[in-house]
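Q: Just dropping this structure here.
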């Protein structure tokens, strides 16, 4: 039963994240800095759900990672980066909301779209090299002659 729930959660999650990204970037909400954090969060969560989908495929006996070492390493790298970014984008968004509530008069100067873009870019630039260890520590192991 859990097997089916996971597939349904992944499908609805990816659909919901794509819809959220479209709403935050293509409507009047794009003028708000918090929309940029939420749009970025929907992207990285979609990346993580996509990686989770690949893991789910293994349960269905579809092994797309077992034939190529680099594909396996890339899978681990992407899922690690997306997981880390999801947490830190939530922290950045929460901090911005704290500033908006605690210091409402400073919000227009501190919570800008430009600042949100800079914070998101910095987080991505930290995440990419931070998780490069995935290429060294992960790979395909040959167990009992099977990959």
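Cβ from N, Cα, C; glycine included.
According to TrEMBL, the record shows the following:
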- 6-24: transmembrane segment (TRANSMEM)
- 16-147: domain 'G-protein coupled receptors family 1 profile' (DOMAIN)
- 36-58: transmembrane segment (TRANSMEM)
- 74-95: transmembrane segment (TRANSMEM)
- 116-136: transmembrane segment (TRANSMEM)
Q: Tally the residues of the domain 'G-protein coupled receptors family 1 profile' (16-147) by DSSP class, grouping H, G and I as helix, E and B as strand, and everything else as coil.
A: 102 helix, 2 strand, 28 coil
Q: Ranking 36-58, 74-95, 116-136 by Cβ pairs under 8 Å to the transmembrane segment (6-24), which is first?
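A: Most contacts with the transmembrane segment (6-24): 36-58.
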